[in-house]
Amino acid sequence: MRVSIVGSGYVGSVTAACFAELGHEVICIDIDEEKVRQINDGYPPVWEEGLEELMNKHVGKNLIATSDYDYAVQNTDVSFICVGTPSSDNGEIDLSIVAAASKSLGESIASKNAYHTVVVKSTVVPGTTEGVVRSILEEYSARKAGETLGLAMNPEFLREGRAVHDFLNPDKIVVGSLDRRSDSIVSGLYRDIDCEVTSVNLRTAEMIKYVNNAFLATKISFANEVGNICKRLGIDTYQVMDAVGRDFRINPAFLNSGAGFGGSCFPKDVRALIGSAKDLDYYPSLLESVIEVNELQPLQMVEILEDKLPEIKDKRIAVLGLAFKNDTDDIRESRSIPVIRKLLEKGADIHAYDPLAADNMKKVFPDITYASSAQEALEGAQACLLMTEWDEFRKLNTEFDSMDRKLLVDGRYLLDPEELEDVEYEGLCW
Ligand code: NAD
């Protein structure tokens, strides 16, 4: 099929490259000319394992990028909206980018003769596709959804860093649609993937995505709360959760205590669901607590540090890990951000290192020192905070010898203190 993908960020560029891999003809649309140029040169605009290979393989053949909506809509049958849906200042979802993309699509569809289907892949609160998106599309295309305009919602569940793998090997594909024709067009795009398609209505598809993320975030905050209690009781929470996770009703995934969740999805999606619930006069106390635990969690790293090093001012502190998780350059809502902010408030001299995310973090904290290796960040430091679960940090050992004081606060249970000689080791929850 011929598919256009609106937005070339993490979701859009992975969706585009994977649909190309599945044999479809794909056109990426982005308003960012730099991203358009990068894609047409065969380079992905974001880092994702395996993405560069797919782009190299398909760009110029069945994958191109443009900023021209008319060209993309005329030359494709279905358009996926993959633009950002950030939190607004009050925590509710900001749909302005989805609205702008819907308007541009509607205007281009207006000058096309054939049937066209629009699919929302961005994460949007229930009611958005059949409310905001549908009304904008109908207004600007002068068509009626369900007649010459198809409308669907196809949430994305990929994990950043593993996005290409997850797209091609999903454990579920959800298609919400207004009508049967849209459902069969969108489901048909996934025909060559070995996974059953769950067909539902638009609102249910939107809700499935939120509930999925809210449940995973709840598991993490639950594990962190248990970890905080275990720390005070002198119990290793990892031993506790290892046993608890063996219960098939619970499952071991997402029970690792640590510095909390970040990224572009969990925090904003839980907040958006909270906002939707409150709009309907329901106070979601459990979800509010999930966010509260997550806000307090990284700051406990600083509290543990201050217990050991009461005067942080002018002390050199190594922060290892800036990405919100390993295998990505994404720093959105990274738990390193509140930690660095708190350390700066206290006058620390921060030397940070991350294998991929330093350039992105420089936009948030231009004035801290960025090292080109963990070893360089550790040299002469009074303490080290381990923030992201990068594999290369698991191998750290003699590198700590170059510190002024070998004090390590591990926020991700990456290192075994028994393997480290003369290191003052403190785990966040263990
Ligand atoms: P992103 O911010 O990385 O990318 C958005 C892209 O859209 C950017 O390249 C931007 O230039 C482009 N854009 C903005 N306005 C545009 C317009 N009017 N027309 C064309 N392009 C435009 O976002 P993302 O992380 O890929 O997330 C996209 C959506 O997918 C969000 O709703 C997010 O919640 C959801 N999602 C993200 C993930 C993830 O892991 N990142 C996973 C599942 C779902």
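Cβ from N, Cα, C; glycine included.
Since the structure is predicted, the reported quantities are computational estimates derived from the model, not experimental observations.
Under DSSP, C265 (active site, nucleophile) is assigned to coil, being neither helix nor strand in the three-state scheme. Neighbour list (C265 (active site, nucleophile), Cβ cut-off 8 Å, at least 6 residues apart, same chain): T123, N213. For C265, the entry in TrEMBL reads active site, nucleophile.
According to TrEMBL, the feature NAD(+) binding site maps to D30, K35, T85, T123, E160, K268, R332. Listed in sequence order, Y10, E48, G263, S264, K325, D327, T328, D330 are the same-chain residues six or more apart from E160 (NAD(+) binding site) with CB atoms under 8 A from its CB. A coil conformation is recorded for E160 (NAD(+) binding site) in the three-state DSSP classification, outside any helix or strand.
What TrEMBL lists as substrate binding site is F157, L158, R159, E160, K209, F254, L255, N256, S257, G258, G262, K325. DSSP gives K209 (substrate binding site) a helix state.
The domain 'UDP-glucose/GDP-mannose dehydrogenase C-terminal' annotation in TrEMBL covers 318-417.
Recorded residues F157 (substrate binding site) and D30 (NAD(+) binding site) have their alpha carbons 22 Å apart, per Cα-Cα distance.
Taking the binding-site residues K35, R332 in turn and counting surrounding C-beta atoms within 10 angstroms, the largest count is reached at K35. Under 8 Å, Cβ to Cβ, and six or more positions away along its own chain, G262 (substrate binding site) finds F324, K325, R332, E333, S334, R335, I337. Here the domain 'UDP-glucose/GDP-mannose dehydrogenase C-terminal' (318-417) is broken down by DSSP into helix, strand and coil counts: 32 helix, 18 strand, 50 coil. Minimal Cβ crowding within 10 Å, among the binding-site residues R159, K209, K268, is found at R159. The Cβ of S257 (substrate binding site) lies under 8 Å from the Cβ of A223, N224, V226, G227, N228, C230, T237, Y238, M241, Y413, L428, C429, W430, each on the same chain and at least six residues away in sequence.
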